[in-house]
Amino acid sequence: MEHDTIAAIATAWGESGIAVIRVSGSDAIAYVDQLYRGKEVLSKVDSHTVHYGKIHHPRTGKLIDEVLVTVMKAPRTFTREDTVEISCHGGLIPVEEAMKALLTMGVRLAEPGEFTKRAFLNGRIDLSQAEAVIDLIRAKTDQAAQVALNQAEGRLSRLIRQLRTEIVETLAHLAVNVDYPEYDAEMMTSDFLQERMSEIHQRIEGLLQTAKQGKIIREGISTAIVGRPNVGKSSLLNVLTQENRAIVTDIPGTTRDVVEEYVKVRGIALRLLDTAGIRETEDVVEKIGVERSKKALETADLILLVLNASEPLHTEDRRLLTWLQGKTGIIIVNKTDLPQQVEWDELKLLASDLPLITTSLVQEQGVEELEQAIADLFFSGRVVDQDATYLSNARHIALLEQALSNLDEGMKGIEVGIPIDMIEIDLKNAWQALGEVIGEAVAEDLIDQIFSQFCLGK
Ligand code: GDP
Ligand code: ZN
């Protein structure tokens, strides 16, 4: 396949040790040859070799930078096209100049994700691997990166392929049975079919169950800190983040906005929201914060309710404690360094089964216990499994759910005695849905949509 030659700066924008321009396409080597002056002519060198030289502007002859050029010939490259990588010195000017020189010669600036798109279109990777590259770029935590990496290596693809093979095998048995009803060497009884289908069903369900944990690993546990003004919400946020991004003051209600902060607790990423408190207020400025806080509360995975041990319970504390029942939450009774006035017996009753931790945030006491309680809630205290394949992509989840419902339908059909060859359609649909996860039989526009999510140079 002929492809025009594209280029993009592949390293992060800004100051760095080196900056890499990636050029890919049928004429990639020829284009770079026009800029490059070194011992060799690049079109004559062996594939997968690195060459020192200088880049000059092709028209003005002006020296742009000293570079290392890596020449990689198709098909053993990421895009399966001829690819050249030019490593310039860091800083904006040399790469920008080199990039401009390439573009004036007729190389096209790559669209976001276009390199990965070519890798996919040229059969180098499948769709779920391509999507994993997006995840890898966006990964916010080490685990998320590991999960994405596993997927990029094709773990999910392998599982999906196995499931598809099993469906095809089942379909094959089915075909034998339909074509030769008297052939009884391997009779496709409805029991046998039911069994195969429920096996496949179970495995898809298992994969879907990892979705929730996958989301947690990838996006972090969205965590809302709530409580009356001045109980220590911002202090908690600060202790957890160990920096002072949220404003801590003695004036009630000074946290004006929802502040987001990521922290890692026992290997789990928490996306912390410091809310303006959920107290009804007439203060207009604060109201914006309060409105947003309520929204944050509705969608939070975890709620940390902070109470003040040095004061008796307020009506609002009681209201919050009641409201917290049935949610995933932890009660933090703060300021234990001060004389205590909180009604412990009533508090324990109101807390019911929710974990209750005592802290003195000014003295950084109780933080370990809090972290352990969080870990216990989400992973039963276990360390996050780095090797597992976690489903984390909304499109994959929808497709697997689709496959599940196809199987459900088929199994229901068997129960009510629908002719077995009708079940074939449900099995084929399930097979199709699974195929879409790895990009077999995917509509063109869907492919464009997926690749447009990439950043440039990937
Ligand atoms: P928020 O309004 O709930 O965010 O509360 P802040 O975190 O802004 O804390 C309000 C005040 O209480 C600040 O002066 C904190 O230094 C103080 N504070 C927070 N935690 C403790 C604690 O454990 N003990 C004591 N004595 N003071 C605390
Ligand atoms: Zn605050």
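Placed from the backbone N, Cα and C atoms, the Cβ positions cover glycine too.
According to TrEMBL:
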- ARG22, GLU85, ARG124, LYS458: (6S)-5-formyl-5,6,7,8-tetrahydrofolate binding site (BINDING)
- 220-379: domain 'TrmE-type G' (DOMAIN)
- ASN230, THR249, ILE251, THR254: K(+) binding site (BINDING)
- 230-235, 249-255, 274-277: GTP binding site (BINDING)
- SER234, THR255: Mg(2+) binding site (BINDING)
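Proximity to ligand 2 (Cβ under 6 Å from any of its atoms) holds for these binding-site residues out of ASN230, LYS233, SER234: LYS233, SER234. Cβ packing within 10 Å was compared across the binding-site residues ARG22, LYS233, and the lowest neighbour count falls to ARG22. In the three-state DSSP reading, ASN230 (K(+) binding site) counts as coil. Candidate binding-site residues: ARG22, GLU85, ASN230, LYS233, SER234. Those with a Cβ under 6 Å from ligand 1, in sequence order, are ASN230, LYS233, SER234. For the binding-site residues shown (ASN230, SER234), fewest C-beta neighbours within 10 angstroms: ASN230.
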